[in-house]
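Structure, as structure tokens:
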């Protein structure tokens with residue numbers, strides 16, 4: 001459960017990211033593919049080379065979904081319901097991949113905002129991404 005302090009940290013961090021969310025989403029996705037090659041299996045139709053426009057575009061979709069989640073932290077199941085359905089029933093993404101991408105998002109944010117990435121912010125973002133992952137995989141059961 002996200003505490004009020006966690007929510008404040010997440011919102012403040014997302015505000016600082018601003019217009020870079022899409023860029024960071026693409027970078028995190030690239031990092032995920034490089035670090036965990038098995039995640040590429042869900043994107044056989046993509047050009048997965050570094051700097052690929054398709055990876056950047058999908059990274060922006062990830063970032064947009066997270067921006068929506070930040071705006072609706074008090075009701076994530078409703079905010080992410082359609083996305084959960086898509087990943088569970090149509091795309092059938094292995095739930096572990098959300099954890100892998102979450103880790104790469106944390107690394108990407110830490111690289112770009114080291115001064116703001118305090119232990120408290122790190123913990124809050126980790127809890128937030130974990131909560132989002134749990135919601136996205138809730139319909140797998």
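Using N, Cα and C of the backbone, Cβ positions are placed for all residues, glycine too.
What Swiss-Prot lists as O2 binding site is 58. Per Swiss-Prot, the feature heme b binding site maps to 87. The domain 'Globin' annotation in Swiss-Prot covers 1-141 and is backed by sequence analysis. Among the features that Swiss-Prot reports, N6-succinyllysine is placed at 7, 11, 16, 40, with the record citing similarity to another entry. Annotation source Swiss-Prot lists N6-acetyllysine at 16, citing similarity to another entry. As annotated by Swiss-Prot, phosphoserine applies to 35, 49, 102, 124, 138 (among others). As annotated by Swiss-Prot, phosphothreonine applies to 108, 137 (among others).
Taking CA atoms as the reference points, residue 108 (phosphothreonine) and residue 102 (phosphoserine) are 10 Å apart.
Across the structure, residue 16 (N6-succinyllysine) and residue 7 (N6-succinyllysine) are spaced 14 Å apart at their Cα atoms. Secondary structure from DSSP puts residue 7 (N6-succinyllysine) in a helix. Neighbour counts of Cβ atoms within 10 Å were taken for the modified residues 49, 102, 124, 138; the minimum is at 49. Comparing Cα positions, residue 11 (N6-succinyllysine) lies closest to 102 out of the recorded positions 40, 58, 87, 102, 137. When pLDDT values are averaged over the domain 'Globin' (1-141), the model yields 94. Here residue 49 (phosphoserine) is compared against the recorded positions 7, 40, 87, 124, 137, and the shortest C-alpha distance is to 40. A coil conformation is recorded for residue 49 (phosphoserine) in the three-state DSSP classification, outside any helix or strand. Note: the Cα of residue 40 (N6-succinyllysine) and the Cα of residue 58 (O2 binding site) are spaced 13 Å from each other.
Following the DSSP three-state reduction, the secondary structure of residue 87 (heme b binding site) is helix.
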